[in-house]
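Database features (TrEMBL):
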COMPBIAS  43-52  compositional bias 'Acidic residues'
DOMAIN    212-284  domain 'PA'
DOMAIN    382-469  domain 'Peptidase M28'
DOMAIN    543-628  domain 'Transferrin receptor-like dimerisation'
REGION    42-61  region 'Disordered'
TRANSMEM  77-98  transmembrane segment
Amino acid sequence: MDQARSAISQIFNSEPHSYTRFNLPDNMEGDTSQVEMIQSSDMNEEVGENGDEDHLSHKSNRQPHVAQNFECTTKNLCFMAATIVFTFVIGYLTGYLVHKNKDLNCSCAPSEDDITHETGAVPFMDWDDVRKLLGDKLNTSNLEIALSQLSSSNHRAGSPGDEDLGNKVIKKFKKYGMKTWTDEYFVKVQDPPASGYNRIVFKNDSEERPTGFLSYSASGTARGAVLYAHYGQEDDFQQLKDMNINMNNRVMLVRAGRISFAEKVANAAKVNASAVLIYPDPIDYPIGNDTSLFGHVHMGSGDPYTPGFSSFNYTQFPPVQSSGLPHILAQTITTGMGTKILRQLGGRTQPNGWGSINKLGDESDVITVEVNNVLTEKRINNVFGVIKGFVDADRYVVIGAQRDAWGPGFAASTVGTSVLIELARSISDMVENDGFKPRRSIVFASWSAGEYGSVGATEWLEVRNARQNWLFFFSGQDGFKVAASPLLHSLIQNTLKEVTSHLISSLQPQLLPKTLTGQWLVMASGSYNRVSSILTADIQNSDLENTEMCRMINDRIMTVERNFLSPYVSPIDSPFRHILLGSGPHTLKGLSSHLDALKSASPEANAELFRNQLAQATWTIQACANSLAGDIWSLDNEF
């Protein structure tokens, strides 16, 4: 281009010009403004010569000049004519060649109808075919073999029996051609006294030494009058309260079942009981008088001494305890001992439906409870095998089973572990021999320390921060239509609508500050309902064979589940942060209970606290609506 420009400049016999400056009319302030018109070619040349661009300023020392006239000679005109003709011929030849080449390409190229558009999906297998294949692979004889191979009389978490069972599982995974790995954790749990025992003395009877125990109970001795409290549910304690029965420092006798051991103990602690005894009633457990119960009373999951953090032996976080640990004593007793105590109770008559025993217990029914559990550290292993997905390998479905048990634990662990092994064998065989190609990866997990409150599973979640990211469903071949996302979406929407409707209808302005209304909650709920409808329409109008589209829709739905974990409470203080399925004052159920307390003028109610809780729940729901809407440019909310 430089050479061409030079030649043309010579043809026209003109001088090179850098820029010209001309004056504009005076502005209102009396200054004279000037505009410089700069030729890029000369500007670049000057930049190259001077090494910078400071000379582009109107303060340049170069003097402006006006183009001078030039004379057109015969020679110059000939050069001009030759250049024009030459340029025309080159342009014509170029256009001809390009047009001819285009015709050749068009005659060989396939039509739009002949083009196959790749979606990234693997060859589709019908879900009914997948189910039939899996049903054919799973059979009673193979399951019986697995049960016999994996049965163990002693595989308590962290024991040699537990480790041996884990080795058997991982060998099976390797045999099936799966990629395997093992995670190791060091967790703190409570075990029965290594030397000594827990004991119970009722009135003047002989001392009882129960073999069952409840991990994470407070330690020490409690002495008080026994009070029967049915199943230890909140409603049961409310009935006792309505009967004006003093529950301070009482030892609560409750039946096993309906709710967890941890919930029974937590409910008893709310009424200032000193201890809880849990027994299997013959109506619920017709299995003999000497049945011992084992369990835990931590209102949470995982290692309660490292809540929110993984329990590695090199963890650098200072020791901290979960708020879900009870501060009262808890112990299980046998069926025989429980019914024996019930027969000797006096006092008030039981409410209807509380069982065949007539009395609740009075101040003379004194019992002594001593708990001496020992806090120990255990090394546990989680064992994994994975079948890698063919499309979304980074998305995975988890199929897990508890491996440990207090005793033989046939129902608690052996059956689940055997089914896990058989599923791994069957699905691996389907992939190897039957053309089954799961789009997502399938992770098979054998957890340890499940009897202590899903400790192994929670530790794995904490180390990967996967509490909000993993999927619990088995989706098989289909990446979206068979996934649990639509079911989850429907469950969340229906539950949210039901609870918020109750809250909104129950709000009474006279009980609350004037600045507090249900409008925020109405708007947030409305936002969620609107984007739910939009999502449903997006699913119906989308090509679900398009891999990227499926990923985007699934991401929107799963992000909602993550955002239902309240960001306003700590997992240390409130392990169950889900505002719909969790427990605590941050949940919608907790809000409803607080609202009932306000309506009844309960001394425990606090209007200002309720106002903050309602605001936090509202913004949590709004965040879910925003995430369900999808990309940030899809949001259209009024705040």
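Backbone N, Cα and C atoms are what each Cβ position is placed from, and that goes for glycine too.
Nobody curates TrEMBL annotations by hand; they come from automatic prediction.
Since the structure is predicted, the reported quantities are computational estimates derived from the model, not experimental observations.
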(request) Report the mean pLDDT of the predicted model across the domain 'Transferrin receptor-like dimerisation' (543-628), rounded to a whole number. (result) 83
(message) Counting by DSSP secondary structure, give me helix, strand and coil numbers for the domain 'Peptidase M28' (382-469).
(response) 39 helix, 25 strand, 24 coil
(message) Please list the DSSP helix, strand and coil residue counts for the domain 'PA' (212-284).
(response) 19 helix, 24 strand, 30 coil
